[in-house]
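Copied from Swiss-Prot, the annotated features are:
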- SER4, VAL5, HIS6, PHE7, GLY8, ALA9, GLY10, ASN11, ILE12, GLY13, ARG14, GLY15: NAD(+) binding site (BINDING)
Amino acid sequence: MKHSVHFGAGNIGRGFIGEILFKNGFHIDFVDVNNQIIHALNEKGKYEIEIAQKGQSRIEVTNVAGINSKEHPEQVIEAIQRTDIITTAIGPNILPFIAELLAKGIEARRVAGNTQALDVMACKNMIGGSQFLYQEVKKYLSPEGLTFADNYIGFPNAAVDRIVPAQSHEDSLFVVVEPFNEWVVETKRLKNPDLRLKDVHYEEDLEPFIERKLFSVNSGHATSAYIGAHYGAKTILEALQNPNIKSRIESVLAEIRSLLIAKWNFDKKELENYHKVIIERFENPFIVDEVSRVARTPIRKLGYNERFIRPIRELKELSLSYKNLLKTVGYAFDYRDVNDEESIRLGELLAKQSVKDVVIQVTGLDDQELIDQIVEYI
C-alpha cells in the first residue's frame, strides 16, 4: 500500500485531503499535536465523513494512524523517510513550525539512500504556499541535504477549495463537509509526476487558479460574513437569505470577475457559472456555517495581499470598478466579536488612533487616494 504523511489532523485535513488520499489507496499518517485526535486515530484506525447534501451520505476513511509530533518527532522522521507523498493542511503561520521536522525527514531519506522522488504539498490557501514552506525547510538542511532536496524533493504549490464549517461532535473524528471540492496542483515543480492523484487537477501555471479561488470564494465568503454580521445574521445561510445581502455579494463577485478576466483571460461565461456555483454553495441548507467563523481575524483578512485589498489595488491599476469591494472593507473594519481577538484589537486601534492611521497600519497601503476612499466607508 502507498504511504502518505499529512500534517494537520483538523477538519480540513480529515474531511478533504484525507478523503482524497484514501480514495487513491494511501495509508495516511496524520501528524498533529492534538492528543485527543491522535489517540482516536490510533484507537480506531478509521473515521467517517458526512457529505452535507440531500441523503447525507457517509464515507468511511480507513488505514489511518496518528503521530503526535511534539511527543514523538522521531516517528514523524521515520514516516517521512519512507513515505510516497507529504501534504499539509495547516495555516501559513504554522508552516515554519514543521519545517525543522520536515528537514530532518529529508535528511533521513538521504542517509538511507532513498532516492524515490517525493512531493510536498501545502494545501492551505496561500499564494506560493509550498514554496514558502521549502524556504523554511532549507534553513535546517545541511549542504548535502540541500543538494538532495533539489534533486529528489518537490514542493509544488497547490490550491484547495472545500467548505468545512466549525463543528463539534461526540465522535471527535467525525466531520461534515460540503459536496464540492477542488484541489489543483502545479505540474512544473513536481518531482514525481508519475504519481497523479485522481480527483485532483494538475495545471502548468497555478497562479490563475489560486487567484480565482482566493478572490472568488474567500472574498465572497468573507463578504457574506461581514455584511451579514452588519445586518445581524448568525450564519452564512441566513445572510444569503436576505436579498439585499445576496445582491451585494453578487456585485462584489462581478468586480472580481472583471479583474480575473482582464488579468488571466478567463472565459466570461465559465466564470459567471463558477460564481453562480459559489453562491449556491454558500446557500447549502445542510451546512451550518457561523458568521463568526468566516469573519474571524479581520486584521489578517484586511492585509495588503489578502482577499480584499489585493483585488482592490489591482482593479484600481486597471481603472476598473471596485466600489462594492470598498463597501465590504468598511464592514470588515466595523466588525466586532467579543470572542475574536483581532476584531477587538481593531476596535481598540480605531478608538485610539485616527481612522486613516489605522487603515494604513492594517492594510499596508501607501496609495493616498485609495486610503482616503477606504476611510470614507468606515
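Placed from the backbone N, Cα and C atoms, the Cβ positions cover glycine too.
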Looking only at Cβ atoms, how many others are within 10 Å of the one on ILE12 (NAD(+) binding site)?
20
Sequence-distant neighbours of ARG14 (NAD(+) binding site) in its chain (C-beta under 8 A, six or more apart):
PHE30, TYR47, ILE49, VAL61, LEU173, VAL175
In the chain carrying GLY10 (NAD(+) binding site), residues 6 or more apart in sequence that have Cβ under 8 angstroms from it:
ASP32, ASN34, ILE37, ALA89, ILE90
Counting across all protein chains shown, how many other Cβ atoms sit within 10 Å of the Cβ of SER4 (NAD(+) binding site)?
26
If you skip the near sequence neighbours and keep only those at least six away, which residues in the chain come within under 8 angstroms of HIS6 (NAD(+) binding site), Cβ to Cβ?
GLY13, ILE17, GLY18, LEU21, ILE28, ASP29, PHE30, VAL31, ILE86, THR87, THR88, ALA89
Sequence-distant neighbours of GLY8 (NAD(+) binding site) in its chain (C-beta under 8 A, six or more apart):
PHE30, VAL31, ASP32, THR88, ALA89, ILE90, ILE94
